[in-house]
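One structure is given here, and the rest of the page talks about it.
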Amino acid sequence: MENCNQTSTDFILLGLFPSSRFGLFLFILIVLIFLLALFGNLSMILLIFLNIHLHKPMYFLLSQLSLIDLNYISTIVPKMAYNYLFGNKSISFIGCGVQSFFFLTLAGAEALLLASMAYDRYVAICFPLHYSIKITRRVCVLMIIGSWIMGSINSCAHTTYALHIPYCRSRAINHFFCDVPTMLTLACIDTWVYEYTVFVSTTLFLLCPFIGIVCSYGRVLRVVHHMNSAEGKKKAYSTCSTHLTVVTFYYAPFVYTYLRPRYLRSPTEDKVLAVFYTILTPVLNPVIYSLKNKEMMEALRRAIQRICSVKM
């Protein structure tokens, strides 16, 4: 039986890319997605900040979602790309903890923020006359701060636990980032208590917000169905479908991954599912919200015209 090692050695991230032409293709594709996510989310933040017509609660929340996504994908992809390019798959123990902390903080904050955005649309469609009273800038700020604080507290608890347990045998993490449940498969001790806390935190931060979003949009669709205005129905359905698309791509793989018992999980399946909520969602958010939103498209058109007129 091997002795438990002290938590001073580097971990090895086995990564996502196989050593083949397909791996190279996958690497190029993900780097392009990463660049698109950076450009798209940064453009959304600047567009909302600079355009006075977009200084509304919905767009304020949307700018925060873009900020989270910008940092979210930047926590994962650069290290993964560096390891692939230089053939160095190691990550320091502290570096692994830092990556895990930021990943969990941003993941929790995004999950709660998406629920806040669902509540914003619920009030806007179901109680339009009370919208300006219920959804003020102060309420938006409180929802955003609450999302960040709760995400940070949850992340701090999980990361602290992961950094204070002994590891033994292989230091190879069969993932492309420091995912705490995957790290704990290398632990020398029984982690069943921690696995229970993962179940609880996943329920609180993912499953409960997801159920709340589904219920709120169920009520929204019921109200929309009784609308007399065809244009109002079309706009409301567009808003709902946009948000539900983001929710599906983010919550479903996350919940499926973290609510399964360890014996039902496979490293390959976990990595494929993780691509959805760590890489694809951050690039889809700006595309979906900008292309399906007339105000955003109009603001973008005016910004492009202004840039072109300055160059001429």
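Each residue, glycine too, has its Cβ placed from N, Cα and C.
Residues annotated as transmembrane segment in TrEMBL: 24-52, 59-78, 90-114, 135-153, 193-215, 236-252, 272-291. Marked as domain 'G-protein coupled receptors family 1 profile' by TrEMBL: 40-289.
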Same-chain Cβ contacts of the transmembrane segment (90-114) under 8 Å, 6 or more residues past its ends?
7-13, 61, 64-65, 68-69, 71-72, 75-76, 79, 83, 143-144, 146-148, 150-152, 154-156, 158-159, 162-163, 173, 177-180, 183, 205-206, 209, 213, 243, 246-247, 250-251, 254, 277-278
Which range wins on Cβ pairs under 8 Å with the transmembrane segment (193-215): 59-78, 135-153, 236-252, 272-291?
236-252
Same-chain residue ranges lying at least 6 outside the transmembrane segment (59-78) that approach it to Cβ under 8 Å:
30-31, 34, 37-38, 40-42, 44-45, 48-49, 99, 102-103, 106-107, 109-110, 113-114, 116-117, 120, 137, 140, 143-144, 176-177, 278-279, 281-283, 285-286, 289, 295-296
Local confidence of the prediction over the domain 'G-protein coupled receptors family 1 profile' (40-289), expressed as mean pLDDT
88
